[in-house]
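If you check Swiss-Prot, you get these features:
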- 456-477: compositional bias 'Low complexity' (COMPBIAS)
- 296-356: domain 'CBS 2' (DOMAIN)
- 357-426: domain 'CBS 3' (DOMAIN)
- SER352: phosphoserine (MOD_RES)
- 330-354: region 'Disordered' (REGION)
- 455-495: region 'Disordered' (REGION)
- 1-42: topological domain 'Extracellular' (TOPO_DOM)
- 64-92: topological domain 'Cytoplasmic' (TOPO_DOM)
- 114-120: topological domain 'Extracellular' (TOPO_DOM)
- 142-146: topological domain 'Cytoplasmic' (TOPO_DOM)
- 168-495: topological domain 'Extracellular' (TOPO_DOM)
- 43-63: transmembrane segment (TRANSMEM)
- 93-113: transmembrane segment (TRANSMEM)
- 121-141: transmembrane segment (TRANSMEM)
- 147-167: transmembrane segment (TRANSMEM)
Amino acid sequence: MHPINAVVAARMLAGISQSNALQSEAIPFGSLEWITYAGISCFLVLFAGIMSGLTLGLMSLGLVELEILQRSGTPKEKKQSAAIFPVVQKQHQLLVTLLLFNALAMEGLPIYLDKIFNEYVAIILSVTFVLFVGEVIPQAICTRYGLAVGANLVWLVRILMVLSYPISFPIAKMLDWVLGHNDPLFRRAQLKALVSIHGEAAGKGGELTHDETTIISGALDLTEKTAQEAMTPIESTFSLDVNSKLDREAMDKIQARGHSRVPVYSDNPKNVIGLLLVKSLLTVRPETGTLVSAVGIRRIPRVPANMPLYDILNEFQKGSSHMAAVVKVKGKSKGHPSTLHEENSGESNVSSNNSELTAPLLLKREGNHDSVIVRIDKANGQSFISEAGRQGFSHTSEEIEDGDVIGIITLEDVFEELLQEEIVDETDEYIDVHKRIRVATVAAVAISSLARAPSGRRLLGPKGSGGPKTPKASSTPKPDDKLMGTMTGPPQGNN
């Protein structure tokens, strides 16, 4: 039984002893005074029911839920939530106001029922009406239609809050000080759980597909993942020596890899000094034996291994570079480890106020797009960062320069972590470098399933028996066959 109902019953029992002792005369049934007392009793029961329903209905509406309805609900829901929001913001004052007037109605009910009914009848009626009319029915209605009921009665709530202000406001402030305010926002883990619950795979009626839930979860996890988790290890990266020749063999390897950018190293593959844009080789003739150093080599930015992927993505999307060398910083540093470093030939590096990176990936393109950016004689371990550019960095340029290159990270690597799936194109040799799953394996499975498919769904061969026959493939290899899936070198992830 509700505590207030127990108080009502106790008062009615106390009224029995008092009436028996005083032998007071009951008010005649049907008289004006009886009708007045009966009307007041009915009003108190209904008023108590409204207060009880509003307490449950309004207090169950969270601030986040109301903001969501204001932004994405129907026009009716937007109007209702906008009307309720200012009242629900004062949660403790609203709670004290509703409970105060609910208690007043419950306390006043026995006083009037005792004057118009027999004591035993008054107890039965009081408990019954208070339980069903004052508690069960209002709360059941407001649980389902709390938004609509609250919006229609918000004017009454405002009046009651003004009337009870001298009492409710001090108590509400005390509750705010003691209990504090509830945090209406969700944490990252809670958002991921909420998204997964709304997915179709959860079987709870959600509309989000598996791809949608996967991408949203990947976006939430991206801030916690670092460059080392997404990079391609330097041992598995295809790169070129700066002193090597761009002969036919080298050009065939570059073409077979199918990458748009190739890291360039000096002496040691871990000593990455820049990157080569493959499109700059269009004018290079293999028979001339041009050195890699004679082609436009662009500087490659360096990032610490523990740099968050969101910081890398923010710099990649500026368009200056889509590849960076991941460096394992030797020195220990304080603060957030998100520093991006690049080798600069004389220019002053400028740091953006909105970025924790040391400098933009490329500050300036000298001349045309094929101009040489890196000076080979100054590329080994030197740094040209101004004092202004060093301010506010977690890692100094010297620490990054002295660090060992452990891998290469590209924009595609970041997207794969975002999508949580491997991106495979027609030139990739491996689906997953770490698991070493070859693309050819997947292609063989696809061809096998295609061969078992009905003739109407096959991509090769005539649709009908009367059509032209498909010519047999020649057993003699073509000159370009060695470029298609014959590379057995280490896997690579630098696109």
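Using N, Cα and C of the backbone, Cβ positions are placed for all residues, glycine too.
Note that the coordinates shown come from a computational prediction; the quantities given were computed from them, not determined experimentally.
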Tertiary contacts of the topological domain 'Cytoplasmic' (64-92), as residues 6+ beyond its ends and Cβ separation under 8 Å: 58, 147-148, 150-151, 154, 157-158, 161, 171-173, 175-176, 179, 181-182, 184-186
DSSP helix/strand/coil residue counts for the topological domain 'Cytoplasmic' (142-146): 5 helix, 0 strand, 0 coil
Mean per-residue pLDDT computed across the topological domain 'Extracellular' (168-495): 67
